[in-house]
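In Swiss-Prot this protein carries:
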{"type": "ACT_SITE", "residues": "H433", "note": "active site, phosphohistidine intermediate"}
{"type": "BINDING", "residues": "N45, Y466, R562, H590", "note": "ATP binding site"}
{"type": "BINDING", "residues": "R373, R403", "note": "Mg(2+) binding site"}
{"type": "DOMAIN", "residues": "428-462", "note": "domain 'PLD phosphodiesterase 1'"}
{"type": "DOMAIN", "residues": "585-615", "note": "domain 'PLD phosphodiesterase 2'"}
Amino acid sequence: MSADKLYIDKELSWLSFNERVLQEAADKTVPLIERIRFLGIFSNNLDEFYKVRFADVKRQILINRERGGNDISKHLLSRMQSKALKLNQDFDNLYNELILEMARRRIFLVNETQLDEIQLKWVKKYFHKEVLPHVTPIMLRDDIDVMQFLKDEYAYIAVEMRSGDEFKYALIEIPTDQLPRFVMLPEQKGKRRKTIILLDNIIRLCLDEIFRGFYDYDTLNGYAMKMTRDAEYDLRHEVEYSLLEQMSEGLSQRLTALPVRFVYEREMPEAMLKFLCYKLKISHYDSLIPGGRYHNFKDFISFPNVGRDYLENKPLPPMTCADFEGYANAFDAIRAQDILLHYPYHSFEHMTELVRQASFDPKVVSIKINIYRVAKDSKLMNSLVDAVHNGKRVVVVVELQARFDEEANIEWSRILTDAGVHVIFGVPGMKIHAKLLLITRKEGDEFVRYAHIGTGNFHERTARIYTDFALLTANQELAAEVRAVFGYIENPFRPVKFNHLIVSPRNSRTQIYRLLDSEIANAKAGKKAAITLKVNNLVDKGLINKLYGASAAGVKIRMIIRGMCSLVPGVEGVSDNIEIISIIDRFLEHPRVLVVHNDGNPQVFISSADWMERNIDHRIEVMAPIRDERLKQRIIDILNIQFIDTVKARRIDKEMSNQYVERGNRRKVRSQIAIYDYLKNVEKQTRKAKGQQETNDNSSQ
C-alpha cells in the first residue's frame, strides 16, 4: 500500500465522525426528542467544521495560489464539499421524517401557513408584544457593506420587496439572543395536541406589518439564510499591546472575517441569490449550500419536550463519591487515598465543594488553577473570588485563546483581576490546555499540597454531558510537579524537569515514544505486549507511525477514537493488529487514556492531550500516571466495558463506513449505561466496606 493510503485526511475523518452523530438522529431506539436534539448537535458541529477545518483548507489554497503550489488542497476541498452536501441531504430527509414522527405523538411543529384562526390571532398578538421591539430590518442599498454588520452564525430572513419590475432587498436578524426560538402555542379545549412554532415563522407571518407604511411594494417574500465566517484571527504581537488587548482585537477581526459558507433557502430567486453572493463577497472556494426554510439548527439542541417523559432519555442522576464520606473535609479524604472522579457519572459538585472549602479553610495558604473553559455563572470561579477576600493567594491561569470561549474568558479575567486575583495569560504562542488545580495547606509545620489533574474542563454545565476523569491526589511527588507546571507557565524559559508527569511540549513525544517502544521490545522478545488508547482525535503522523510499528511487531492495540482518526486499521503487515471503535451516545466521550501492558504490570495514564501535533508539541498539556492499583483497575474495567459495547460502538475502517460493531445474538451492552451501573456498584461496595470498618472499630473499643 502506498504511503498516502496509510493516512486518512483529518477533515474527511471529521465529517465521518459527524456522520456518526447523524446516525444517532436516525436510530429509532433513541427517544424521539433526543433524536431531534442530535440534529442540533450535528448542525452545531458542522458550523464549527466550516469555521475551522473548511476555512483552514481554503486558506491553504489561497496561500498555494500566491506561491504557485500544487492543487492538493483544492482536491481535498472538493471532497469535503461533496461529503458535506451528502450529509446535509441526509439531514434534511431525517428532519422531515422526525417531523412526521412527532405528529404521530401529537406534537406539531407548524409554519405560518398552518395556523388556524385562533392561533393566528394569538401569534400576531405575540409578535407585536414580544417580537417587534427586537426587529430592525437592514436595507441592502448599493452603498452598504453587508460584511460589516452581518453576524456570524446568526439566522436571517432575506426579504424581497417587488414593485413592478423594481426590487428592494432587506435582511432581518432572527433575535434568538433575546427571545426563545421555539414558541409554544396555547392549548385549545378539546384538542390533545401540543403545537410549536419557530420564531422564524412568526416573523415571516408578520413581514407586511414590519414594512407596511414605510415602503411600497406589490409582493413581499422572505427566505432563510445564514453565513459562516472564518474563525481564525491574526494577533498583533507588538510589545505595547497586552494579550488581553490582542485577543479583543482578534475577536473584532472574527466579526468581520471573510465567509466560508453561505446557506440559503432553496426557493430563493436566482437574482436575489446572485445579489447576496455579490454583497457577501462569496468566492468559488466557499461553500454555497441550498437548504430548507430553517437554519441555525444548533438551537434544536435545546428542543423542548412538551410530550411524555419517554420521549427523552431516562435520567441518570450523578452519584456522590463514597471516598469523601466519613471525613471532616475534602482534604482529609484526599490525604487518606487518591480519589478518581468520572463525570458525568459522578457529581461535579465534589469539585465545586473542594474549591469552596479551600476558599475559607484557615489552613489553606494558596490556590492555583488553570482555566480553559468554564460556565458563565461558575460557582467554582466565584469561590476563587471568595478565597481572595479571605486572604488566600489565588493564581488563575486563563487561556484567552480557547476557541469560541475567548469572549467569556476575557470577561472572567476582568472579574478576577478586579477582585484581586493574580491572573496570568499563559505562554506566548502556546495554548494552555492542561486541567490543573493546586491547593496548598499549612498543616502543622509542613506545607501539604493537594492536586487535581484531569482530562476535562472545570465547567459545571459540560461536566453533566461530557465523560471525563479527574484525579485528586495528595501524593507530594505528583503535587510538586503540578506546582512545577505552574512555574513553567509563569516562566517558560527556566529549565524544568519532570520525572513523574508527562508534560507537553517538554517531554510528551519522547515519553510516549518510550512507552510504545517498550511494548515493541516486549513483543519482539516474545512477551505479551498490548496498548489501549482512548482519545478524541488521532492525527499526529509520528505517533501513528509508531503505532504502525508496534502493530507490525505484534503488539495488540485497541483504540477508542471519538472524532478524527487518520490511522488506517487492518492493513496487512502494517496495522492488522489494530482495532478501533468509536462510541457516540447520550454523553460525549472526552477522556484521554493510555494503558500499556508493561510485561504484566500495567501502566495507566490520564491526559488532557489528544494525539495531534498541536497538543503534543505546541500546547501545554499534562499526562499523569495513576498510582493507586484500585483506580488503575477501575479505568481498565471501564475501557473493557466500552470494548464490549454492542449498541453504540462503530468500527473505524479505511472506508469510513461507520458500521456498527457486530451485535450477533450476544446480550446487548450499552457501555455508558453499563459504566453507570458499574460505578454505582463500586460506590455501594465502598460504603459497605466503610460500614464494616466502622463496625469493627466500634467493637474493638
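Numbers run from 1 along the shown chain.
The backbone N, Cα and C atoms fix where each Cβ goes, glycine too.
Model, not experiment: these values are computed from the prediction.
Sequence features, as recorded in Swiss-Prot, placed on the structure.
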residue : record                                     : DSSP (3 states)
N45     : ATP binding site                           : helix
R373    : Mg(2+) binding site                        : coil
H433    : active site, phosphohistidine intermediate : coil
Y466    : ATP binding site                           : strand
R562    : ATP binding site                           : coil
H590    : ATP binding site                           : coil
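Other than N45, Y466, R562, H590, the residues of this chain whose Cβ falls within 8 Å of the Cβ centroid of the ATP site are, in sequence order, N536, G563, L588, E589.
In this structure the C-alpha atoms belonging to R562 (ATP binding site) and H433 (active site, phosphohistidine intermediate) are separated by 19 Å. You'll find the Cα of R373 (Mg(2+) binding site) roughly 9 Å from the Cα of H433 (active site, phosphohistidine intermediate). Taking the Cα atom of each, Y466 (ATP binding site) and H433 (active site, phosphohistidine intermediate) are about 16 angstrom apart. Each residue contributes its Cα atom, and for N45 (ATP binding site) and H433 (active site, phosphohistidine intermediate) these two points are 20 Å apart. For the domain 'PLD phosphodiesterase 2' (585-615), DSSP puts the residue distribution at 6 helix, 13 strand, 12 coil. The two recorded residues, H433 (active site, phosphohistidine intermediate) and H590 (ATP binding site), show a Cα separation of 14 Å.
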